[in-house]
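Have a look at the structure below before the remarks.
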Amino acid sequence: MNTSLDTIRHYLHANAELSGKEKLTATSIVGWLQEAGANRIVTGLGGHGVAGVFSGSKTGPRVMLRAELDALPITEKEDGREWRSQNEHVAHSCGHDGHMTILLGIAKKLVSTSPVRGEVVLLFQPAEETGAGARAVIESEKFDTSLYPDVAYALHNQPGRPFGEISIREGSFACASRGMIIRLHGYCSHAAHPEQGLSPVRAMCRLLEALEQLPQSLPTSKDLRLVTAVHAQLGEVTFGTTPGEAIVMATLRTATDVLMQPLVKAAHDLIERVTQEAGLTYDIEFRDIFAAVINDQQATTDVIHCAQKCGKMLTLLEATNRWSEDFGVYSTVCRCAMFLLGAGETARVLHDSAYDFPDALIEHGVEMFWALLNEQQLFAD
């Protein structure tokens, strides 16, 4: 692999693709893995997912490092950068271009330093932003026992934290969440005779307020439970007709998967009560379902030890991160740990249309992942 890592990231950034549509990105990844001499390359994992496998000659652990292929439906802010996204309303505003580049940096190192024992699996996962990708990978027929890792690690860049800092916590690391779509059904009438219709306007307003207060109605918990109203739509844009339909959308968020089910039930009960009182019918749909990321004790200890060995600033987080990440699904097949890589205290926040993963951060991610591979004794005779 002769291409510089900065150049690779700029290419990935310029050619950002949405969840489930990462065909060009995956093809490019395959080419770079071939250049790096991967012993085996598996494609079509849960869609466009790619795994590059680097094998040692002796028995040892299989260690998986994961990055994400997909970008966000965001129009990138024009700031003059040559590598700005060439795809309209698609941008790597979460830094997944940097995460992929870090894994390719590991592939570059594996060109000259192959594992002696065990295997390294570099997984480039599709559709992380929708919460569908990790589950699709695991359920894929191609993700068989020849790919099942003993331990898996992932990182996420984090603006607002010191540059190059490693932060982690054992147990609940990132929240479970799900998007809830509530459709309210009444019937329309002429706007001159609103009494002849059945408008969902009052029920919609009640739900918008009551949903956000829902966590306070549940038994007290020291762990996070949060409901955030994110969208509402009422009727059609016409002055002559009363609304007969409404949509309310909210995100339910909890520190653990166990806490999610009571919150979902409470939301169901609330909607049932409000619609019954209003004489409406309703239906509910869930999207973007994320499991909580739960960090394994030993895998977390590995990350802490490697951060210290690499001389990194290290912070042990006191609280679960409020955002969600579907890396948690891999806990069903192996021990896992995810950590944060500080992107600088003055950097733009994630999902900002002007966010651009710092090139100088790549080497910090590569150093940490390389240390974690060494921690597993993959290169020892």
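Cβ atoms here come from the backbone N, Cα and C positions, even for glycine.
Source: prediction; values computed, not measured.
What TrEMBL lists as Mn(2+) binding site is Cys94, His96, Glu129, His156, His351. Residue environment of Glu129 (Mn(2+) binding site) contains 22 other Cβ atoms, counted within 10 Å of its Cβ in all protein chains.
The binding-site residues under consideration are His156, His351. Their Cβ neighbour counts within 10 Å are lowest for His351. Sequence-distant neighbours of Cys94 (Mn(2+) binding site) (same chain, six or more apart, CB under 8 Å from its CB) are Glu68, Ala71, Leu72, Glu129, Leu350, His351, Tyr355, listed in sequence order. Within 8 Å of the centroid of the Cβ atoms of Cys94, His96, Glu129, His156, His351, where the record puts Mn(2+), the same chain has further Cβ atoms from Glu68, Ala71, Leu72, His92, Ser93, Gly95, Glu128, Leu350. Within 10 Å of the C-beta of His96 (Mn(2+) binding site) there are 27 other C-beta atoms, taking all protein chains into account.
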